[in-house]
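The block underneath contains the structure these notes are about, expressed in structure tokens.
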């Protein structure tokens, strides 16, 4: 006869579990409103990637560019809907983290191995890219406002940008950063509008060309792949969507998917208002001569472009926090649940300060903005955004073969794999070309 563990032990374990869950950033606060989901999603989705879209269009060309942009918007909205639906598909249980959903679909071990590395690459990758973006935008702001000042290295601006995060990253959970996130969401709409409106007021440039820039066929093909990666990077909010939904209260009568989906719809309308005008107007005005960050192509009026760069800085401050929060959650879960550290403020302070310092150091070491976007965009964003939700959906719900759901999921999977395989090739080539002329910490 198997002896039962004493009830006291079980109660103690369950009490400890509750205490840890109340301390971890994702599960500690569940009183968010639907509009929190709207601006968290906007902040997560409309990142610095939007400023690279006219450049992506110049690499893709009019026809393929418009097709990829619109298809990506539709596919990622569909996969986001799947994630929202799957958050509470098991009665009485919530999948608060992407990897928990993966474990439910593929098993305890395999689910972790499939989801966690990809999610970490995305979240850490975004944080590094945002360190670079924040530093570059601060530098641009400084150079525009102060013409005759002595030039300051980009490295120092990245340090200035990081200093904000050494403070903000100690906010305990998602709900506590909702103010930062709201400011960031407003900023993203503002600088996107400035980017396309300032381009439109400039009028089409005299020597504008819409053909492919590269002289050789190989160059054109690689640039095309790189453009695909830039688009994939722009649609990257899925990595934090379950974590955002975990902050919304839920009962059997009123599940969290209702308010969450409402927020997602609002967010996606904002995404369309930001992405399509910036991409199409920017490309139409500057043609293939557009910079990899549209604000760099807009030199005048100086005050407006300086303002837009400052908006970008405020936005990426919020975005960095949204993507860092799940990483903090993973690191703190590992330390507290697996390595039995006590959940204390000192532990949190050390973990988060280390993470900010590490992303700052990597951002200062490799500031290749365009190449990084394409490389990370294809390598990790395409799977977690375009087709991993579809694979999980097929594994759990098993829709009838050749039914509408079956076809929709397979189309997304094929499109996503196509993006994942091709875009890192273009991104890596861009990094190699840029690295030739690069001097460390210059």
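Cβ from N, Cα, C; glycine included.
The shown structure was predicted, so the numbers you read here are calculated from the model rather than taken from an experiment.
Taken from TrEMBL, the feature domain 'Amino acid transporter transmembrane' covers 31-426.
What TrEMBL records for 34-53 (among others) is transmembrane segment.
Taken from TrEMBL, the feature transmembrane segment applies to 60-81 (among others). The list of residues near the transmembrane segment (60-81) in space but at least 6 beyond its ends in sequence, with Cβ under 8 angstroms from a Cβ of it, reads 53, 210, 212, 224, 227-228, 231-232, 234-235, 237-238, 241, 261, 264, 268, 271-272, 275-276, 279-280, 283, 385-387, 389-390, 408, 412, 415-416.
TrEMBL lists 110-133 (among others) with the feature transmembrane segment. For the transmembrane segment (110-133), the residues of the chain that approach it from at least six positions outside its boundaries are 47-48, 98-104, 158, 161-162, 236, 239-240, 312, 316, 319-320, 323-324, 326-327, 330, 355, 359-360, 362-364, 366-367, 369, 372-373, 376, 379-381, 383-384, 388, judged by C-beta separation under 8 angstroms.
Sequence annotations record features per position, and here TrEMBL assigns transmembrane segment to 154-171 (among others).
Positions annotated as transmembrane segment by TrEMBL: 177-198 (among others).
According to TrEMBL, the transmembrane segment annotation covers 264-286 (among others).
Look at TrEMBL and you will find 306-328 (among others) tagged as transmembrane segment.
Residues 52, 124, 127-129, 131-133, 135-136, 154-155, 158-159, 162, 165-166, 169-170, 292-293, 324, 327-328, 331-332, 335, 430-431, 434-435, 438, 440-441 of the same chain, all 6+ positions outside the transmembrane segment (349-369), place their C-beta atoms under 8 angstroms from a C-beta of that stretch. Taken from TrEMBL, the feature transmembrane segment applies to 349-369 (among others).
What TrEMBL records for 375-396 (among others) is transmembrane segment.
Per TrEMBL, the feature transmembrane segment maps to 408-432 (among others).
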The transmembrane segment (154-171) vs the transmembrane segment (408-432): three or more C-beta pairs under 8 Å (separation of 6 or more)? no
Contact set of the transmembrane segment (177-198) with the rest of its chain, CB cutoff 8 A exclusive, min separation 6+ beyond the ends, reads 32, 36, 38-40, 42-43, 46-47, 50-51, 168, 171, 270, 273-275, 277-278, 281-282, 294-295, 298, 301, 304-305, 307-308, 311-312, 314-319, 321-322, 325
